[in-house]
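As given in Swiss-Prot:
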ACT_SITE  Y94  active site, proton donor
BINDING   N167, 193-196, 216-218, 285-288, 310-312, K368  NADP(+) binding site
MOD_RES   K61  N6-acetyllysine
MOD_RES   K61  N6-succinyllysine
MOD_RES   K252  N6-succinyllysine
MOD_RES   K252  N6-acetyllysine
MOD_RES   K267  N6-succinyllysine
MOD_RES   K267  N6-acetyllysine
MOD_RES   K316  N6-succinyllysine
TRANSIT   1-53  transit peptide
Amino acid sequence: MLVSQRVTGARARAPQLAGLLEAWYRHGRTTSSYSALSEPSRVRALVYGNHGDPAKVVQLKNLELTAVEGSDVHVRMLAAPINPSDINMIQGNYGLLPKLPAVGGNEGVGQVIAVGSSVSALKPGDWVIPANAGLGTWRTEAVFSEEALIGIPKDIPLQSAATLGVNPCTAYRMLVDFEQLQPGDSVIQNASNSGVGQAVIQIASALRLKTINVVRDRPDIKKLTDRLKDLGADYVLTEEELRMPETKTIFKDLPLPRLALNCVGGKSSTELLRHLAPGGTMVTYGGMAKQPVTASVSLLIFKDLKLRGFWLSQWKKNHSPDEFKELILTLCNLIRQGRLTAPSCSEVPLQGYQQALEASMKPFVSSKQILTM
C-alpha cells in the first residue's frame, strides 16, 4: 500500500515537473539532453562533487531542469536502490566513474512524462530503466537520451522493476554463460543473501539446478536460512560449516558443483574452489572481503579448475542493446510467473538518504535500501 500511495502521488505531481539537469551538467550530453524550450523547474537529486565516504560527500540538492527536445525523454523517477556498486562508485573504487559532480545511482525505474519529436520507441506512461551504469537515478526526475533507456513492462511489481537491471541480469548471465549446466546439476555460491545471491537461487530453481548457498554466520542465521530456502535454496551453510567434514554428506545427494559464484574473495573463495568438480569454473563478480582470490597450485593442476570474472557493464559492451533487452524480457517473464521476486527491501524517502546510505553499508543487513521519490 505504501508503494502504491507513493507511486500514485508521484504520478499526480508529474505534470507539474519539467525536464533537464542544470547548466553544470551540460558536458554530459552523452546520457542526458538539455533544452531551453520551457521555463526551468527544480528537482531534487543526490549529488556528490568528489569521491569519499558516501555519508559525507553525498548531498541532497535542487537542480534546474528544462524541457525536452529531439531524442530526449523526460522521466519521473519512481524508485531506485542503493547497490554496492553505487557505494563503490561514490568512493572512487569502481571500473566506471562518471564525471564530477555526478548524481548517484546506477539502477532504478522511472515513468516517461514526455518525449521529444524524434523519439520512436517510448511514449508517455511507459516504465523505463537505465540501459547502462552511471545514469544517475537518485533524483526525482531527469531528461535522458532515448538510447540511455530501456522500456519495460508495467505489469511487474515496482520493487522488482527498480531492482531488475543489475543483480538479476548478473545472476542469469553467470548461470548460463560459463558452464553448460543441465537440470539436476549443482551450483555453489557465497554471499548468498546478497541481491545477486537471492536472484541466483530463484533463477537456478527455475532452471531446475540445485544450489549450495554459503553465508556468514550471524545472530539471526536461522531466520536467514529459512528465508533463502523459501526462495528455493537447496542447502544453506555458514562459511564455518562449509569447512567441516560433515559437509561431504551433501554431495552424496547431488553432484559436485561445476560452477561456483564468488562475491567475497579471500578464504571464502578458496573454500568454493575446494568443492568444485574437476574441470569446474569459479566466476568472481565481487570482492566484499577486499582480499585476493587464492587458488592452490594443486587445485589448478590436478582438478583443472578455471577462474573467470564477470562484470555486467563489460557484457553489455560485448553484446547489442537488443540482446540486453531480450535478457530483460526473459527476467520479466520469470517475475510474472512468480519465479523471481525482488530481494528483501526497505523503502526510504529520498530525503532520508543518509539513513539509507548508512544502512546499506552495515554488516549483516540483508534488506536492500530503496529510495522512493
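Heads up, the Cβ atoms here are built off N, Cα and C, so glycines get one too.
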Cα-to-Cα gap, L312 (NADP(+) binding site) vs Y94 (active site, proton donor), nearest whole Å: 13
Spatial neighbours, same chain, of Y285 (NADP(+) binding site) - Cβ under 8 Å, 6+ residues apart: T170, M174, V196, L261, N262, C263, G309, F310, W311
Cα-to-Cα gap, K61 (N6-acetyllysine) vs the residue listed as 'active site, proton donor', nearest whole Å: 24
Cβ packing number for D217 (NADP(+) binding site), 10 Å threshold: 12
Candidate recorded positions Y94, N167, G287, pick with smallest Cα gap to K316 (N6-succinyllysine): N167
Rounded distance in angstrom between the Cα atoms of G287 (NADP(+) binding site) and K252 (N6-succinyllysine): 30
Rounded distance in angstrom between the Cα atoms of S194 (NADP(+) binding site) and K267 (N6-succinyllysine): 18
C-alpha spacing of D217 (NADP(+) binding site) relative to K267 (N6-succinyllysine), in angstrom: 15
Among K267, K316, the one of these modified residues whose Cβ has the fewest neighbouring Cβ atoms within 10 Å: K267
Sparsest Cβ surroundings (other CB atoms within 10 Å) among the binding-site residues V196, L312: L312
Cα-Cα distance linking N167 (NADP(+) binding site) and Y94 (active site, proton donor), given in Å to the nearest integer: 16
Where S194 (NADP(+) binding site) falls in three-state DSSP terms: coil
Mapped DSSP class for K61 (N6-acetyllysine), helix or strand or coil: strand
